Amino acid sequence: MSSGGLLLLLGLLTLWAELTPISGHDRPKFCYLPADPGECLAHMRSFYYDSESKKCKEFIYGGCHGNANKFPSRDKCRQTCGASAKGRPT
């Protein structure tokens with residue numbers, strides 16, 4: 001296969017990987033942790049994945065400790081844990 005063909009194949013595989021929905025079985029385990037504001041008092045707007053409602057929800061993060069189920073934006077939460085705007089897995 002030519003190098004152009006290999007590049008095209010690599011590009012298509014990359015695009016497919018980006019667009020393939022994340023199923024519930026593929027979510028990182030930390031997506032199932034509860035929201036944890038931590039112990040500090042920084043009052044940072046953050047988002048966590050709520051596995052019961054299948055939505056990314058806002059919470060206030062204190063800035064230290066907590067757990068891995070926290071994201072700086074709703075979009076990053078959706079990308080990582082697979083929640084959609086309507087709360088269904090994407």
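Cβ coordinates are placed from backbone N, Cα and C, and glycine is handled just like the others.
The feature disulfide bond is assigned by Swiss-Prot to Cys31-Cys81, Cys40-Cys64, Cys56-Cys77, with sequence analysis given as support. Per Swiss-Prot, domain 'BPTI/Kunitz inhibitor' is recorded for 31-81, and the stated evidence type is sequence analysis. Summarising the annotation, Swiss-Prot assigns signal peptide to 1-24 and lists similarity to another entry as the type of evidence.
Feature map: Swiss-Prot annotations on the structure.
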{"residue": "Cys31", "record": "disulfide bond", "Cβ neighbours (10 Å)": "21"}
{"residue": "Cys40", "record": "disulfide bond", "Cβ neighbours (10 Å)": "13"}
{"residue": "Cys56", "record": "disulfide bond", "Cβ neighbours (10 Å)": "26"}
{"residue": "Cys64", "record": "disulfide bond", "Cβ neighbours (10 Å)": "10"}
{"residue": "Cys77", "record": "disulfide bond", "Cβ neighbours (10 Å)": "24"}
{"residue": "Cys81", "record": "disulfide bond", "Cβ neighbours (10 Å)": "27"}
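In the three-state DSSP classification, Cys64 (disulfide bond) falls within coil.
In the three-state DSSP scheme, Cys31 (disulfide bond) is classed as helix. In the three-state DSSP assignment, the secondary structure recorded for Cys40 (disulfide bond) is coil. When the CA atoms are compared, the disulfide-bonded residues lying within 10 A of Cys31 (disulfide bond) are Cys77, out of the candidates Cys40, Cys64, Cys77. According to its DSSP assignment, Cys56 (disulfide bond) is in a strand. Here Cys56 (disulfide bond) is compared against the disulfide-bonded residues Cys40, Cys64, Cys81, and the shortest C-alpha distance is to Cys81.
Between the CA atoms of Cys81 (disulfide bond) and Cys64 (disulfide bond) there is a gap of 21 Å. Note: the CA-CA distance between Cys40 (disulfide bond) and Cys77 (disulfide bond) rounds to 22 Å.
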